[in-house]
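Visitor: Here it is: the structure, laid out below.
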Amino acid sequence: MVKICCIGAGYVGGPTMAVIALKCPKIEVVVVDISVPRINAWNSDQLPIYEPGLEDVVKQCRGKNLFFSTDVEKHVAEADIVFVSVNTPTKTRGLGAGKAADLTYWESAARMIADVSKSDKIVVEKSTVPVKTAEAIEKILTHNSKGINFQILSNPEFLAEGTAIKDLFNPDRVLIGGRETPGGLKAVKALKDVYAHWVPDDRILTTNLWSAELSKLAANAFLAQRISSVNAMSALCEATGADVSQVSYAVGTDTRIGPKFLNASVGFGGSCFQKDILNLVYICECNGLPEVAEYWKQVIKINDYQKNRFVNRVVASMFNTVANKKVAILGFAFKKDTGDTRETPAIDVCKGLLGDKARLSIYDPQVTEDQIQRDLTMKKFDWDHPLHLQPMSPTTVKQVGIVWDAYEATKDAHAVCILTEWDEFKTLDFQKIYNNMQKPAFIFDGRNIVNPAKLREIGFIVYSIGKPLDAWLKDMPAVA
């Protein structure tokens, strides 16, 4: 029986291993993590992450051929294939601070694998890692190998949160990179055989190690670039009276471009886009390619500009001050159908409003009060370190209240900011919300999910990103 062990029970390791266990009943899969609360959660009815369909998959396999354990060394020693999906945060100090990936957790995982292994192993990088990480890991393993043979593979994940299980069941492609040596090719085949249980052969792509590592960074950079492109257009649309939805639809009907990732919004978030682009920038700089680095930096600059523009629009519209005004924040996760708040644009928007002394009332159906307070007090990049290494009890932000109902959030508010496109926000009773708000009542739609014309009939002053501006907003230009 083939044994697979995955180090890291997070957003990547948990769902990926659960699906492998479901699709390969003859393979034993163990997910290990040093975090006791996290493993306890995976073994309970309340899983540590929310992902549609995940619970069903886990319940079908858990205790049969899928196990979650804190006994890291035992299961690594017994495994034939070891997946490593640990955090690779952006460095906050030292060489490459603010851009380079911090490989501390990766390196300690590699050293531990070398220490406890008694048989040959295939080690698979599942975390997003910079190009040439495999080479570094390979050196650590071979220098500590005690005669054991390690093969390193790169198998980047391309999951989208909110649809991770669907993506795993039916991936666009599975990418496996390995050394082009007899041992490397054999290892690639072994991993390919696992995925071949349910993924058609033509969707399993094999490349060399570096191509696989770079493909992941490139894919995320291209996706983020599309979002920044349409967001840049949204600013021009507001300035000229064009409608960004009509423009992006017209552009997306060109089959060479296609319609995906062309929705204007308050900005992109998530654990990968910004981190991977910063990483790409750093790699370009290290390889003497400053022009290429500068090109990719613009994608992040436009994203930051878009968030600032949104905050400026809110403040400028409300007589240039939000001090002591209640502002309702609907949605805090970086997108719908996930509880993940990593790099969510909501953090910067909330901080911007708090900087102008607003009082915030936040509602998100999937994000806990503790998480929101933590996000609003943490330093940049802190979120990507394991929980026990994050600042402990966060000091709560006094001007922030977290509520469990959209109507409670909006009661007596001067303005509503929609920052996540949860479906439930589309069907709210906006007449009821209007009746219970201070007047003039403002709605700032950061996701373009409400119908501005209908809301204006009710009496709201509406700002939708990239849409023709309300007469009121034209009189109150947003200062950059």
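Cβ atoms are placed via backbone N, Cα and C, with glycine included.
Annotations for this protein, taken from TrEMBL, read as follows:
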- C272: active site, nucleophile (ACT_SITE)
- 8-13, D33, R38, 86-90, 127-128, E161, 272-275, R342: NAD(+) binding site (BINDING)
- 328-452: domain 'UDP-glucose/GDP-mannose dehydrogenase C-terminal' (DOMAIN)
Visitor: Per DSSP, what is the residue tally for the domain 'UDP-glucose/GDP-mannose dehydrogenase C-terminal' (328-452) in helix, strand and coil?
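Guide: Secondary-structure composition of the domain 'UDP-glucose/GDP-mannose dehydrogenase C-terminal' (328-452): 43 helix, 19 strand, 63 coil.
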Visitor: Far apart in sequence but close in space: which same-chain residues, 6 or more away, have a Cβ under 8 Å from D33 (NAD(+) binding site)?
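Guide: Correct list: I7, G8, A9, G10, G13, I39, F68, T70, V72.
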Visitor: If you count other CB atoms within 10 A of each CB, which of N87, T90, Q274 wins among these binding-site residues?
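Guide: Highest number of other Cβ atoms within 10 Å: Q274.
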Visitor: G8 (NAD(+) binding site) has how many other Cβ neighbours within 10 Å of its own Cβ?
Guide: 25
Visitor: May I ask which residues of the same chain, at least 6 positions away in sequence, place their Cβ under 8 angstroms from the Cβ of E161 (NAD(+) binding site)?
Guide: Y11, E51, G270, F334, K335, D337, T338, D340
Visitor: How long is the line from the C-alpha of N87 (NAD(+) binding site) to the C-alpha of C272 (active site, nucleophile), rounded to the nearest angstrom?
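Guide: On Cα coordinates alone, these residues lie 11 Å apart.
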Visitor: Give me the mean pLDDT over the domain 'UDP-glucose/GDP-mannose dehydrogenase C-terminal' (328-452), rounded to a whole number.
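Guide: So the average pLDDT across the domain 'UDP-glucose/GDP-mannose dehydrogenase C-terminal' (328-452) works out to 90.
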Visitor: Near C272 (active site, nucleophile), how many other Cβ atoms are within 10 Å of its Cβ?
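Guide: There are 25 such Cβ atoms around C272 (active site, nucleophile).
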